[in-house]
C-alpha cells in the first residue's frame, strides 16, 4: 500500500502537469501528507476529481513526509512555494505547527488543514476542524461530572485542556490531567495498564480521552485487558470521529462510552458520497471501498471542495490570479510575500458550502463557525446519536426515551447467535449429526431449553459452539475474558444458553437471568470395588463388642446356673430306674454340673432342646432370663443377617472435602477455567483455602481443560484422583456407563446456572421472564428428569445391582461351613484323644490287676476282674456302659 502511494505521489504531479501545465486553467495546489495517511490521500484525490470543472483544474503537488520533523516540513513547504502553488493543503503537529504558520504569514500562502485548531490568530491558516472545547464542556455539564481524569495528547495542543481547567476552577471540578502524548511506544501497553490501575486507586472511573483514533484504540485495548470496561466506568472520547475507532470490543463490556461525531451518516450528502466511496477499488484508492470514512478524511475531502469553491468565486469576480514570476525562494532574506495571497485568503474565508462535515463557514481568523457536532453514546446495538451541539443552541438532547430492556422488537428479522458448549447432557452432537444441518445437529437439556426460550421470546436463533471450549474466566495477567463470557463481552454472540454459573465477576460484565437450575460444587471419585464378604461375615450383623458380651454372658449364666443348682436343695434328687424303683444308695445326685450347665446354656442360646432342665425355682429363673436374652439377641441378629449377607458394601476412601484436605494420597482438581476454580481461589474458608493452596502448587497439574477430561482422569487414576465439579454434572455422569464414578459427601456451596446476555441487551428481561414462566410450568424439572434419569444407564443402584443383591454366594456363608468342618474335625480329634486316654488308663489298670492275680491266684477273683473289665471297657459291645 505504501509503495502504491509513493508511486502515486511521484506520478500525480507529472501527469497533472502534462495535462494542464500549459493551460491557464490549471491551478497548482500543494499537498503535505504524513506517512500512513492513506485514506486521507485517497479522499484528497477523489475530491480533486469530483470538484474539477471545465473552468479550471486543481493540479496537486504532493509531498509525503514526517510532519513531526520541522526540517522536512521546511524543505517541503519551500519546495511547494518554489513550484508556484496557489495554496497548500496539509497536516501539522505540535512540533511543526509554528514553522508552517510562520511561513504562511510571511509568504502570504494560504494553508488549509484538517489538523487540530490552533490558539490565537494565524493569518493565512484555514482550519477545517471545528473547535471541540464548547461541546466537551457542555457534555461534562450534561453528565454532571465534578470529578474526572483528563488524558490528553500533547501533539494536539493544550487549548482544550486549558478550557477544561478554567471551567474546573470556576465550577470547582476535581480534574486529574495526565499527558499520554510522550509515552514510549515500546512500553505503551504496560504504561497504560499502570496508569489506569493508579486511577482505580484514586476511584477515578470517569475519564476523558482527548486523543486521536490510534491512541484511543491503544488505550481501549488496555482498558479491556485490565477489566475497566465494565459497568461503573464512563469514558468520553474527545475527538470528532466517535465511529472511527474499534468500538465493537468495548461495546458489550457495560461501561458508558460517549463522544462526538462530525460526519453524520444519516445526511443525504454523506450517504451519496459513501455509495461512491464504497465502490472504489482498494488498490487504486487505499483506505476506500468501505461504508465509513474517518473524520480527518472527510475534512480533507471538504478542504478540496472549499478550495475549488474559493477559486470559482475568484473567477466569478474576474480576479486574475497568477504565480508567474512570483515563484521564489521562501528562505530569501528579506522574504518576499506573494502579492495575490491576500485575495486567495479572503476568498477561502468567504466560502460557505455543505460538506461531509456539515455546514462549512469560517470567521475572519479562518476558524469554523456555525457548525453542528453530534453527541454520541455507545449502546449494545452500536453507536447511537443522543443529541447535538451547536454554537447557538449549545447542548441539545434529542433522545428522550431509551428503548425498553424488554423490547425484543426488531428481532423477528434477525437470527440471534446463541453460544453454548459441548457438555453432556446439556449440549451433545446427535449420532447422525453429519447428515444434519444447523440446530438439528445438537440435542440435550440446553438445546431443548433454547428452543423453549426462543418460542417464548419470539426470535430465530442459531446455536454455535464456543471456540475455545471454555465457560468464561478472566486471565489474571491480561484481564481478557475467554470462553462464552468473552464471546458475549466482545460481541461475538447475543446470548449464552449453557451450564454457565452465575458469579459476581461475571455479573460485572454480562447480565444473567434467574437461575434455571440450582446446584453446588461436589466431589466425584472412582466408585470403589465392592468389598468381598469375609470368611466370618456372618458375625457382621452384631458388633464384635456384642459378641464378646454374649460370650461373657454365656459363661456367666452357666456359672450362676451351676451355683444355684448346687445351693438349691430342689436340684438334688435320688436316681430312679426306668420302672420307678429308687436306687439302693442313699446319695443324691445333681444334674447341673459345670459342664451340663454350659451345655444347657449353649442349647438355649442355639434354640435347641436339652435332656436336662432346672427343677428349682432359682434355676428356672436363670433359665428364663437367659431364654429371654437369647430371644432378643437371636431375633436382632436374624433381622440384620439377610442385609449383611446379600448386600456387598462399598467402602469410600473419602466422604467429604475435609477428608480430601487432610490427605495427599488422592489428588484432586477442577476445571481450569470456570466458576469452580474461581470459588476455591476466592474462598476464605480454611478448608477450601487449604485445598486451593494444594491445587495451585500440585505437580503434575490437577486442573483439566474440559469436564470430559476430568471424568476420564478419575476413571483412569484407580482411585487416586478426585474431580470437583457441579453436582448436576456429577449426578449425570454417575448415571452413565460404565457406572464407575460416584458422588461423595454433600455440596460445598450453593449456586445456580443462568442464561447470559451482554450488558444492557434488549433480550435480557424477555429471557428472564421466559425462565420464570418455564419454571412455574414445571418444564425445567421435566427437562432435567428427561436428560438425567429417564435416559440413565445405571439404574437407581448403579449397574446390575438388582441381580447382585438377591443372591448369596459361597463366600457369604463360607465361615459357617468352616465352623462345621472345624467342629466335626474337633469332635473326631477329641474322640480319638478320649479313646487313647481311656485305652491307656485301662491298660495300666489291667496290668495292675494281672500283677495282683499273680500274687493271690483265685478263679473267683479272676472272674470278678474280667467282669469289671467287661463292664468298664465294653467299647464294641451292645450293652450300655455307665462310667
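Any Cβ shown, glycine's included, is placed from N, Cα and C.
According to Swiss-Prot, the feature topological domain 'Extracellular' maps to 25-543 (among others).
Under the heading disulfide bond, Swiss-Prot lists 78-330 (among others), citing similarity to another entry as support. Secondary structure at residue 78 (disulfide bond), as computed by DSSP, is helix.
Swiss-Prot lists 544-564 (among others) with the feature transmembrane segment, giving similarity to another entry as the kind of evidence.
Mean predicted confidence for the topological domain 'Cytoplasmic' (565-591): the pLDDT average there is 66. What Swiss-Prot records for 565-591 (among others) is topological domain 'Cytoplasmic'.
Summarising the annotation, Swiss-Prot assigns S-palmitoyl cysteine to 610 (among others) and lists similarity to another entry as the type of evidence. In three-state terms derived from DSSP, residue 610 (S-palmitoyl cysteine) belongs to neither a helical nor a strand segment and is classed as coil.
Under the heading topological domain 'Cytoplasmic', Swiss-Prot lists 611-616 (among others), citing similarity to another entry as support. If you look at the topological domain 'Cytoplasmic' (611-616), the same-chain residues 6 or more away from its ends with a CB under 8 A from one of its CBs are 561, 564-565, 568-571, 573, 591-592, 596, 600, 622-623.
Annotation source Swiss-Prot lists transmembrane segment at 617-637 (among others).
Residues annotated as topological domain 'Extracellular' in Swiss-Prot: 638-812 (among others).
For 739-794 (among others), the entry in Swiss-Prot reads disulfide bond.
Under the heading transmembrane segment, Swiss-Prot lists 813-833 (among others).
According to Swiss-Prot, the feature topological domain 'Cytoplasmic' maps to 834-883 (among others).
Look at Swiss-Prot and you will find 836 (among others) tagged as S-palmitoyl cysteine. Within 10 Å of the C-beta of residue 836 (S-palmitoyl cysteine) there are 10 other C-beta atoms, taking all protein chains into account.
Residues or ranges marked as region 'Required for interaction with IQSEC1' in Swiss-Prot (evidence: similarity to another entry): 867-877.
The phosphotyrosine feature in Swiss-Prot is assigned to 876.
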Long-range neighbours of the transmembrane segment (544-564), counting only residues six or more past its ends (CB under 8 A): 571, 592-594, 597-598, 600-602, 605, 614, 616, 618-619, 622-623, 626, 629, 633
Inter-residue Cα distance where the pair is residue 836 (S-palmitoyl cysteine) and residue 610 (S-palmitoyl cysteine), in Å: 29
Candidate nearest residue 794 (disulfide bond) in space, where candidates are the recorded positions 78, 330, 836 and distance is Cα-Cα: 836
